[in-house]
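Taken from Swiss-Prot as is:
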- 1-19: signal peptide (SIGNAL)
- 119: N-linked glycosylation site (CARBOHYD)
- 149: N-linked glycosylation site (CARBOHYD)
- 164: N-linked glycosylation site (CARBOHYD)
- 181: N-linked glycosylation site (CARBOHYD)
- 208, 247, 356: Zn(2+) 2 binding site (BINDING)
- 233: N-linked glycosylation site (CARBOHYD)
- 323-327: disulfide bond (DISULFID)
């Protein structure tokens, strides 16, 4: 971030307003000044771990290094020492629900996504250790609950629950029962962070990952317009996840999938939607608008099936790209042996450079592009909901 921007922010904010913001944004479990900084165990590559302070975490992220924060799961003894071999899942060789998906996709709304994202980014930050982060999660919980309440699914066992964490901001899980306990998961992360001064500066997080958050919320709304899904007649159970604390090292999703492993949950697939709204980088590079299908640290079978989904249900093509180790919450599912995949807004190198700053705002996003991600999400979930996995 450039120094003039910081100075402008400081001059523009009144002392009273800034004091109120800092108060709500201060970490809920802030260490006393005379105590040594708390250290966290991070994993930056398979088998490559190190102890770092919170400030060192942010420095590593500013340098572009991605990691798991495995402190809690390692202490509890729940973390596998190596990546487990994913369970064998036979994803469909062809798409079988084209007519239903295309009919439903016509009901997806850019306006809904815009309105939700405008409200979501109005929070000064969604920093996972702050009171404002709890407030933003509470607002999101209300939107998810309203989405379910407005559908038939509320009468057939669909529900939304919080998954609580020690740092304050909770994760959110919406469940739509199917005829079996085999489960199809779609996720995004709800937290945001300003990587320069997390406890002071604004972190609107429009693209990272407000865009994914509202994309899957809109896909959920339209999915529940299917009577078969809403009434619990799909073959498989469906879950939509909004994780807390992705920015801190995939903390929320690690906790969720750690518990799922302990409970022997039968998770057949997990798709992550993180950063779905920025297309200008691709266009500026002279390339065609597309979605970026991640090819590293993902399940190859699920990824191949997603390519078919994009080709069938989206109006733009896919490109193949890589994002590195522990680059988003799909990695947590993979870390515990569940088949996972990740689709983002573009090739990784063309993705938004405004993330983690005060400039990650709605005005830079393309809601037509987000609509393509919503189509892909809807198509994937609907096809897998009725598949024999």
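The backbone N, Cα and C atoms fix where each Cβ goes, and this holds for glycine too.
This view paints the features noted in Swiss-Prot onto the structure.
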| residue | record | DSSP (3 states) |
| --- | --- | --- |
| 119 | N-linked glycosylation site | helix |
| 149 | N-linked glycosylation site | helix |
| 164 | N-linked glycosylation site | coil |
| 181 | N-linked glycosylation site | coil |
| 208 | Zn(2+) 2 binding site | helix |
| 233 | N-linked glycosylation site | coil |
| 247 | Zn(2+) 2 binding site | coil |
| 323 | disulfide bond | coil |
| 356 | Zn(2+) 2 binding site | coil |
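Neighbour count (other Cβ atoms within 10 Å of the Cβ, all protein chains): 27 for residue 247 (Zn(2+) 2 binding site). In this structure the C-alpha atoms belonging to residue 233 (N-linked glycosylation site) and residue 356 (Zn(2+) 2 binding site) are separated by 41 Å.
The Zn(2+) 2 site is set by 208, 247, 356; from the centre of their CB atoms, other residues of the chain with a CB within 8 Å are 61, 191, 192, 193, 195, 203, 205, 209, 246, 355, 360. Counting neighbouring Cβ atoms within 10 Å of each of the glycosylation sites (119, 181), the lowest count belongs to 181. Of all Cβ atoms in the shown protein chains, 11 besides its own fall within 10 Å of the Cβ of residue 149 (N-linked glycosylation site). Between the C-alpha atoms of residue 247 (Zn(2+) 2 binding site) and residue 327 (disulfide bond), the distance comes to 10 Å. Residue 181 (N-linked glycosylation site) is 31 Å away from residue 208 (Zn(2+) 2 binding site) when you measure Cα to Cα. Listed disulfide-bonded residues: 323, 327; maximum Cβ neighbour count within 10 Å falls on 323. Taking residue 356 (Zn(2+) 2 binding site) as the reference point, none of the glycosylation sites 119, 149, 164, 181 has a C-alpha atom within 10 Å of its C-alpha. The local packing around residue 356 (Zn(2+) 2 binding site), expressed as other Cβ atoms within 10 Å of its Cβ over all shown chains, amounts to 23. A gap of 22 Å separates the Cα atoms of residue 181 (N-linked glycosylation site) and residue 149 (N-linked glycosylation site). Around residue 164 (N-linked glycosylation site), the same-chain residues at least 6 positions away in sequence with a Cβ under 8 Å from its Cβ are 170. Around the Cβ of residue 208 (Zn(2+) 2 binding site), 27 further Cβ atoms fall within 10 Å across all displayed protein chains. Considering only the recorded positions 119, 323, 327, residue 149 (N-linked glycosylation site) has 119 as its nearest partner by CA-CA distance.
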